[in-house]
There are 4 protein chains.
Amino acid sequence: MDYQQILNTIQEEMSYRDVTGKVASYIPELAKVDQKKFGMHVYCGDQKNFSFGDSEEKFSIQSISKVFTLAIAMRLMGEDLWDRLNVEPSGDPFNSLTQLEYESGIPRNPFINAGALVISDILLDQLDDPKQELLDFVRKITGDDDIHYDKKVASSEKSTGYRNIALVNYIKALGNIKCDVEPIVDFYFHQCSLAMSCKQLSRAFMIFANRGKILETNEKILKPKTVKRINALMQTCGFYDEAGEFSFQVGLPGKSGVGGGIVAIHPDNYSVAVWSPILNEKGNSELGMKALERFTTLTGVSVF
Amino acid sequence: MDYQQILNTIQEEMSYRDVTGKVASYIPELAKVDQKKFGMHVYCGDQKNFSFGDSEEKFSIQSISKVFTLAIAMRLMGEDLWDRLNVEPSGDPFNSLTQLEYESGIPRNPFINAGALVISDILLDQLDDPKQELLDFVRKITGDDDIHYDKKVASSEKSTGYRNIALVNYIKALGNIKCDVEPIVDFYFHQCSLAMSCKQLSRAFMIFANRGKILETNEKILKPKTVKRINALMQTCGFYDEAGEFSFQVGLPGKSGVGGGIVAIHPDNYSVAVWSPILNEKGNSELGMKALERFTTLTGVSVF
Amino acid sequence: MDYQQILNTIQEEMSYRDVTGKVASYIPELAKVDQKKFGMHVYCGDQKNFSFGDSEEKFSIQSISKVFTLAIAMRLMGEDLWDRLNVEPSGDPFNSLTQLEYESGIPRNPFINAGALVISDILLDQLDDPKQELLDFVRKITGDDDIHYDKKVASSEKSTGYRNIALVNYIKALGNIKCDVEPIVDFYFHQCSLAMSCKQLSRAFMIFANRGKILETNEKILKPKTVKRINALMQTCGFYDEAGEFSFQVGLPGKSGVGGGIVAIHPDNYSVAVWSPILNEKGNSELGMKALERFTTLTGVSVF
Amino acid sequence: MDYQQILNTIQEEMSYRDVTGKVASYIPELAKVDQKKFGMHVYCGDQKNFSFGDSEEKFSIQSISKVFTLAIAMRLMGEDLWDRLNVEPSGDPFNSLTQLEYESGIPRNPFINAGALVISDILLDQLDDPKQELLDFVRKITGDDDIHYDKKVASSEKSTGYRNIALVNYIKALGNIKCDVEPIVDFYFHQCSLAMSCKQLSRAFMIFANRGKILETNEKILKPKTVKRINALMQTCGFYDEAGEFSFQVGLPGKSGVGGGIVAIHPDNYSVAVWSPILNEKGNSELGMKALERFTTLTGVSVF
């Protein structure tokens, strides 16, 4: 089977009707999304594209944005970044605040909220206009200028984002936040509100499947070592409490978001994005997980 | 460079003198090991072998044995095993007991001690003579009958193993241990005392690099799905609190033990074992980690 | 109202029918107790006695025994005891194992199980025949030789006491247990199995209401400072997670047990014991708490 | 000895030179206080006064203010207050955030910061001008209008109060905060900045030693039951991690603040305030603890 046949098979086999989870509701604006949406897009090393469904419809990428900000922070700071962040799985969400306390405000990894907020602080501290520069970065690696923040989502998150505001204040009390709290969370809620389609996401993530170079232009954006580090982090920490399960089911480095998107890569090979807004109890897209499991099973290619 | 040249390079570059860690001391018998020991062995899909140093000297494999008992338990129970164990990284050693409490006695994964002890319980419950059957299993996949328990190490562990005895009692109180406590810890301390060389370990682990079949005989010992699950678990949970770091530095599924051994595999390709008894602060062989990092760098092959 | 009138009022007002809790079931033998039992006994400084109901029927005093073993340990070690135990409320039962880890095996106070087990270790270490000497001590301060261990209860606890065995092993791993595990838990389960009546308990606890002297003989058994320390500990730590509530409702130093007994004292004044086996969700006798609250309200005497 | 003789003895025996702790430094303004300051004031049921040293110099009462706001909140809400707060010791400061998470945002007691912030929220929600009404309340029960907020201290706390801001946001995320975050912490930092002398504090706390009535006017300000509850809470939760030690050493309900003040009461008898800014490692005035221990020893009166 070629990729398009595999995608067709997945589309035929699966439906939002088969899943039992719920759309994320804690961000009011996200709760409004049509739960029937389902799309998938594969972008290959030879620039070929395959897709089905709502693959060109934009959705809120949420935590997937943490991979972009991590990439920018690593470009700015190199390995010095790891003085302010750790690279290990965090284990349990409940313990994260206690972990912070015992570990002197050093978040376990850049993909838990505490870690992403430290990265927001770094970008705010080192960039003149971090919102614009993040947008520029994502547009550049995607080769597509039609990528924007969704202001409604950003302000919707802000209205209920007390837990994240608590985190920033807590880390600041522990000495690992430099900037003021308000602009950090403002930037963070904006990055989470980035609206992208499966097509755009899969193109953007080719940078991580292509050792840091933009496929079309061969322009080197990230060092190979940076890409290796990011991919290793996606493998071990990309799926909240379900990193182990994803590692087994799908076997690829990837990152999910509560908007229902998941993107995964196969180094030197392809990038694949899927979107279905219904989440399982661990907060990952239920149909997205299944679709990717089928995808690596049908292609017969997995890390393990 | 071919594998032997790469190994030679590693041997020339590295020495126990460059490391700053310590030999494990909490098990009296392990503290006696000569810290100068250093050996490495690569076993390839075409049955070719490459090695240097003390690669044929036996050492205490300790937690590496957890991969063998997991394989046996999966053969006995299949996916039902996951009713009694989870498959996620545990995050923090300090929290493990609290985690057990909140998660009703279901250990986070089979490679933390709590998980390995539940597996000991399963083997004890389902096998007539688990010590002998574990030995038979390891000898069979290694193709070598000269593998034994080190009784001195086993009884040395028993004399200081209060924390493990505490764990079994605690899990039993939470309802996830069936057998009596004493035989469980006796079996557990025996499995940890298995003495194997790098050569033997790398041969044994070819089963995980060869989709469950013994390379020489083509005999199918484990299902491919079982192997995939085990490899995914080694990738995310094989290195205590250093799984993320190992995933980045080495980029292979693997497992370490406090005896100073590490074994890692590249699916469909090779298995590599290294031994140096000096441990870093996370409890993994300091020289072993460096040697494997060089190995994947020099071969240019990594998962990410 | 005199004390007998007050007790009569309490007996009239209250019945096991009004409570909604359950008899302790985790110790099989305790689950067999008749839940209708209800008795109360007041012993005054002038040796007068008042009582109602099943005040002379023996029941399993369980954790109330921790006050006796603490008294013996303080007599043996004086203030040195606090090198091995702390004197603060523990907060949360779930955290107790994590607390032990962070606090190097020093239990929060002598009335949580971890603390009582350290005291068992001390008694075992320092006394020739701790079971007999505990019995002698309790008989002496009660002035009554008809006090015995309930062997059925002791062995019933042993059969399900995995959590306590876990605790001893864990503390031993952390270096704060000297003796072997088995005799410690054997002694501990025996002390918990002590069977005493409300009448006997209230007489025994007069030692804490009488600055350490036996009321009848004026024999000095404990130093006044020891008694003050024990009373302060009963006030802040005597009621598991309900110390604050008991302090408000009753306002006296006291100690409860899962057998349904509670004993409290008013220094220089009286000692009062109550028994009803139905426990509230915090593990304290539901009717016992209410009865004592009425008692201090009707007598108009409370610490606060 | 009469009270004045006892105070004289204490003043002679003790000096700031004998203590080994440090002045609180995390609030910049507090760090400037002269560490030689030492004063004590006793206020009796017959309105007699006794004192020594800096007993009329004002200092920052800090957490002692939590008793005043609790009293106001109980007057407003009665027992309904306990739907939003618990009444038990919290055990461990490190665990407080985890505790909040597990206990759905219900703080353990009104004297930990989380609890005091919930009370700030209640006062802000129910009072028109909470800052003024708190001032009015304290002035009234003290019978002294010369009590003010120290604006420098309030803004000094605000500049470093990230941990408290984190707490409010976190509790709001868990649903137990109604008002906006900013005015809550503004009010909280103001209440902590209240400047009072030992003389004023001891007079104010007579309300808790006099069953809720102002001694001079006999005006009933609080219900006796409210006072009993507050006193029980001071006994079990008034001294951070040192409630058990204080209960033993001093044996009175009391409350301390990081400004170095401690106030304690003996119901129906007296109120005593002491001030020395050097804190022990638990955050309580080192000399203050010793002085109160000597005071209850020399008077021979203690709860236990």
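Note that Cβ sites are derived from N, Cα and C of the backbone, with glycine treated the same way.
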Exercise for review: Out of D:ASN86, D:ASN109, D:ASN113, which one does TrEMBL list together with D:SER63, D:GLU157, D:ASN164, D:TYR188, D:TYR240, D:VAL258 for substrate?
Suggested key: D:ASN113
Study note, to complete from the structure: Smallest number of other CB atoms within 10 Å: among the binding-site residues D:TYR188, D:TYR240, that is D:TYR240
Exercise for review: Quick one: of D:SER63, D:ASN113, D:ASN164, which of the binding-site residues has the smallest count of other CB atoms within 10 A?
Suggested key: D:ASN113
Study note, to complete from the structure: Ordered by sequence, the long-range same-chain Cβ contacts of D:GLU157 (substrate binding site) under 8 Å (at least 6 apart) are D:ILE27, D:GLU29, D:PHE189, D:CYS192, D:SER193
Exercise for review: Tell me the Cβ contacts of D:VAL258 (substrate binding site) under 8 Å, same chain only and six or more apart in sequence, or just say none.
Suggested key: D:ALA24, D:ILE27, D:LEU30, D:GLN62, D:SER63, D:LEU279, D:GLY283
Point to revise | Cα-Cα distance maximum in Å, computed over every pair in D:SER63, D:ASN113, D:GLU157, D:ASN164, D:TYR188, D:TYR240, D:VAL258 that the record assigns to substrate | key: 19
Practice item. Based on DSSP, name the secondary structure state of D:VAL258 (substrate binding site): helix, strand or coil. Key: coil
